[in-house]
Amino acid sequence: MACLEICNQNLQGDETKEEREICTLDGTLDWHGQPAIRSKTGGWVAGIIILLNQGLATLAFFGVGVNLVLFLTRVLQQNNADAANSVSKWTGTVYIFSLVGAFLSDSYWGRYKTSAIFQIIFVIGLVSLSITSQLFLIKPKGCGDENTPCESHSRLGTALFYLSIYLIALGNGGYQPNIATLGADQFDEEDSTEGHSKVAFFSYFYLALNLGSLFSNTILGYFEDGGLWALGFWVSTGSAFAALVLFLCGTPRYRHFKPSGNPIPRFCQVIVAAAKKSTVRMPSSEDELYNVDGKDCSMNHSRKIFHTHGFKFLDRAAYISSRDLDNQGQGIDNPWRLCPITQVEEVKCILRLLPIWLCTIIYSVVFTQMASLFVEQGAAMKTTVSNFHIPPASMSSFDILSVAVFIFLYRRVLDPLAGKLRKSDSKGLTELQRMGIGLIIAVMAMVSAGIVECYRLKYAKGECTHCEGSSSLSIFWQVPQYAFIGASEVFMYVGQLEFFNAQTPDRLKSFGSALCMTSISLGNYVSSFLVTVVMKISTEDHMPGWIPGNLNRGHLDRFYFLLAGLTAIDFAVYILCAKWYKCIKLEGKCEESEDQEHIKV
């Protein structure tokens, strides 16, 4: 039975056809588990609530993360290497937890419940961090700035601190992939108007994320750098609590997809069923593959996926052999022997996504330099304008401003222009094309950073090789590389969010968003690996290496050019993967026409 018919059955029989056709066509449900009514749920009302929630939650998260390395060195008295290592582990853990949140969301809890639970954990972690810092760590009061050291701490205080920040990592990591997907769920992609709004939502979602981090990087960062750590953490806590309350207030308005159960057994069933029929001769026609009838769709609220010709070995899982028909057809009811086409195509979709996802990791390596080597490079430049000192980390504000500008330019200028040039429908550049453009701009960012470093070395002060600001070149020469990174984010990360949301099966949408976050996580690890390898090779024969403690004795420019070369190679591989990639072929939500039906058993 079609989902639209189910919707109509829930409405009064004496209503006109126009009045009955007000349910969403994508199978979303309202808070009561009934088919969602378009005028009363979702849309930009729910979308704006989620965008505000994302901005406040991001402010809270980066209020802790942006200066965590300084807190570890100034308050907990760790050395630079240990502090950097601790922050890298913590950041990687945040993004690894995104897989946990995505799994629970897609399998059991649904996106709304998962987002709410992990936000509560997030708030608890922030409250614990604020109390722990104020009562156990910041002693004497006001310590932790550049001049006032803190006293040694008890094991209890240190243990509570690490428990708190990893609760924050768990809460934010599990929440992030689900809030992005829940926001996308508020727009019915089967409706042309809401379909365009869904595409726009991802751009505004990324903008909200950056605006939240802008406040953290500037205002909160300024107070924390001055030793007001407890104040900064309590502001983050208040922001996270406000985000949670706002999120819960929107509960009656949200649209939901029903969770579909653990996907791991479904994947294993396809592999096992295909392996059992490895010697079976396959038919030439796909019409002989097993499919299920329409009422199955209305039960699990997910669209069927049409058969594709790649990974043909997996098609064996959907082939109805004579053994499946033996014993009065009991083999048909055994999912470890026979799987419907949609289940097989789910596995194919994930396998096709993996090469594209792997190509995004090198981009994440470039992106992570903004929080590490860009800051170190800026610290070795002229950081004063008159008597005003510019913190090197605050230069990331130009990245955020670039994101805001390029989101506006893309939505209002580039996308409509591309649509006209292509003479197609209103859609402009595809997600894959935009991700490719993001890689090209990332190459430009690394080349720009390398050129700036060459000139920084040229103007370095020989008599001031061990102090900050050891070059007369102004830190504002870093603006182009930050602007390039911001522009590349608009094309790469926003494109990634849209691509993985659109190309993952309906029952794995949160997993698609989690892939974006794990790409950033692996980018951090690969960056650390590259730095280690480069330093080991470049420090042979007692040389200072490319990235020594004193950058005036190194060649950071060569490392930037190395990343530019690796990104260019990655772009070439990406082009091949994008040409090979086949988009998912989804059927209209629970609706079948006669010419689209497959053979039913």
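Cβ from N, Cα, C; glycine included.
Whatever TrEMBL says is automated annotation, not expert-curated.
According to TrEMBL, the feature transmembrane segment maps to 44-72, 93-110, 116-138, 204-223, 229-249, 353-375, 395-414, 435-452, 482-502, 514-539, 559-577.
For the transmembrane segment (559-577), the list of distant contacts is 355-356, 359, 362-363, 365-366, 369, 373, 435-436, 439-440, 442-443, 446-447, 449-450, 453, 530-531, 534, 546-547: same-chain residues at least six beyond its ends, Cβ to Cβ under 8 Å. Between the transmembrane segment (435-452) and the transmembrane segment (44-72), fewer than three CB pairs separated by 6 or more residues in sequence fall under 8 Å, so the two stretches do not touch. At the 8 Å Cβ threshold, with sequence separation of at least 6, the transmembrane segment (116-138) lacks contact with the transmembrane segment (514-539), having fewer than 3 such pairs. At the 8 Å Cβ threshold, with sequence separation of at least 6, the transmembrane segment (514-539) comes into contact with the transmembrane segment (93-110) through 3 or more pairs. Away from its own ends, the transmembrane segment (204-223) comes close to residues 47, 50-52, 54-59, 61-63, 66-67, 180, 183, 231-232, 235-236, 391, 393-394, 396-397, 399-400, 403-404, 407, 489-490, 493-494, 497 of its chain (Cβ-Cβ under 8 Å, at least six residues beyond either end). Contact between the transmembrane segment (44-72) and the transmembrane segment (482-502) is not supported: fewer than 3 Cβ pairs lie under 8 Å, counting only residues 6 or more apart in sequence. Note on the transmembrane segment (229-249): residues 49-50, 52-54, 56-57, 59-61, 63-64, 67, 71, 75, 115-116, 119-120, 122-123, 126-127, 129-130, 133-134, 138, 144, 216, 220, 223 of its chain, located 6 or more positions outside it, place their CB under 8 angstroms from a CB of the stretch. Listed by sequence, the residues of this chain that lie at least six past the ends of the transmembrane segment (93-110) yet keep a Cβ under 8 A from its Cβ atoms are 117-118, 166, 169-170, 172-178, 181, 256-263, 507-511, 513-514, 517-518, 520-521, 524.
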